Amino acid sequence: MNISRVLFAVVLVLTVSTYECRPRGRILGGQDSKEKTWPFMASIQKNEVHQCGGVLISDKWVLSAAHCATDSNNSSLHVMLGAISLTKPEQYKIVLKVEREIPHPLYNSTKKHHDLLLLELSEKVTLSEAVKPLPFETENIDIPDGKRCLVAGWGQMKSTGKKPDTLQELWIPVISRDVCNRRNYYDNEITPNMICAIEAKKDSCEGDSGGPLVCDGIAVAIVQGGYRRCGLSKKPGIYTLIAPYKSWIMETMYNATLLPSPL
C-alpha cells in the first residue's frame, strides 16, 4: 500500500538567490477581507507581533515558509487563527502556542529553494465555520498561464507606511514559468517547484511571507519571495508549489505523532 496515500487519508480525517529574493507579503492593490472568508489563514506571531502568514492544513498543523523560522525556542511563538483584524476583539479569534517548527530539510536560505515550514500547534484546533483547514494540492499539475488565484496577508500595502490591521486579499494571475525565467525576469532562477504571479501594481510583497496562494478553493503554493521592489511587471512574486512536497508534509505530520512533546 502506498504510504503517502495512507498518510493523506489520515490528514483528511484529522482536518474534516541571485535574483535578490526577499520575504514577500505586502498586498499591493488588495482589499479588506470579510469575516469567515479566510478561515484557514494564520498569523504567525513572535512576542505578540505579526511576523508571517500561514495556512491551516489540519487541526494541529500550519504550513508556512521556511525563511519565517525563528531559530530560537518556541516560547514566544504563537499562531493566531480566525482573525481578520490583528488587534480588535473578534468572536472567533484564537491564539495557540507553537510546539514545533520544522523547516524542509533541504531548504536553501540563499536561493529560497524548498522554502516550506511546518508548525505543530500545542493543541488541536476546535474547528468552526471561522476556523478550519484548507485542502492543499497533491498532484503535480501545471497551473495555466493567466489563471487567477487569491492571496492574502497583513503586510504593508505601500512601499513605505503602516501595516494594515485588517487582512488584505487580492486576485492575481499566474505567469508561466517560461516567461518568469526569461532573462529580463528571473533569468532561469525559477525551479519546477516554484511559480510566479503578478498584475500591474498588484502583488504580494515584503513583510508577510508564508500565506497561501489559493486557486479554485485549494492551496497550491506558499508566498515565498521576489525582487527587492514589489509590483514591477517583470519582477513578479515567487511562490513555492505545495504538491511536490506532499510526501514530506504528510510524513512529517505522521512522524510527529510518534514523538514525545518537547519540554
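Quick reminder: no glycine exception, Cβ is built from N, Cα and C everywhere.
Annotated signal peptide per Swiss-Prot: 1-21, in sequence order, evidence recorded as sequence analysis. The N-linked glycosylation site annotation in Swiss-Prot covers Asn2, Asn73, Asn74, Asn108, Asn255 and is backed by sequence analysis. Among the features that Swiss-Prot reports, domain 'Peptidase S1' is placed at 27-254. Residues annotated as disulfide bond in Swiss-Prot: Cys52-Cys68, Cys149-Cys215, Cys180-Cys196, Cys205-Cys230. Annotation source Swiss-Prot lists active site, charge relay system at His67, Asp115, Ser209.
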Inset, instruction - Could you find out if DSSP has Cys180 (disulfide bond) as helix, strand or coil? - result: helix
Inset, instruction - Compare the Cα of His67 (active site, charge relay system) against each of the recorded positions Asp115, Cys149, Cys180 and report the nearest. - result: Asp115
Inset, instruction - Inside 10 Å of the Cβ of His67 (active site, charge relay system), count up the other Cβ atoms and send me the figure. - result: 21
Legend entry - Residues that sit under 8 angstroms from Cys149 (disulfide bond) by C-beta distance, when 6+ apart in the chain: Ile143, Trp171, Ile172, Pro173, Val174, Ala197, Leu213, Val214, Cys215, Val220
Inset, instruction - Give the residue from the recorded positions Asn74, Ser209, Asn255 that has the most other Cβ atoms within 10 Å of its Cβ, counting over every protein chain displayed. - result: Ser209
Inset, instruction - Find the shortest Cα-Cα separation between Ser209 (active site, charge relay system) and the recorded positions Cys68, Asn74, Cys180, Asn255, and name the residue that gives it. - result: Cys68
Inset, instruction - Compute the average pLDDT of the predicted model within the domain 'Peptidase S1' (27-254). - result: 88
Legend entry - Rounded Cα-Cα span from Cys180 (disulfide bond) to Asp115 (active site, charge relay system), Å: 18
Inset, instruction - Sort out for me which one of Cys52, Cys68, Cys180, Cys196, Cys215 has the most neighbouring CB atoms within 10 A, since those are the disulfide-bonded residues we care about. - result: Cys52
Inset, instruction - Would you pick out, from the recorded positions Asn108, Asp115, the residue whose Cβ has the largest number of other Cβ atoms within 10 Å? - result: Asp115
Inset, instruction - Select the closest residue to Cys52 (disulfide bond) from the following recorded positions, measuring between CA atoms: Asn74, Asn108, Cys196. - result: Asn74
Legend entry - Proximal residue to Cys180 (disulfide bond) among recorded positions Cys68, Asn74, Asn108, Asn255 (C-alpha distance): Asn108
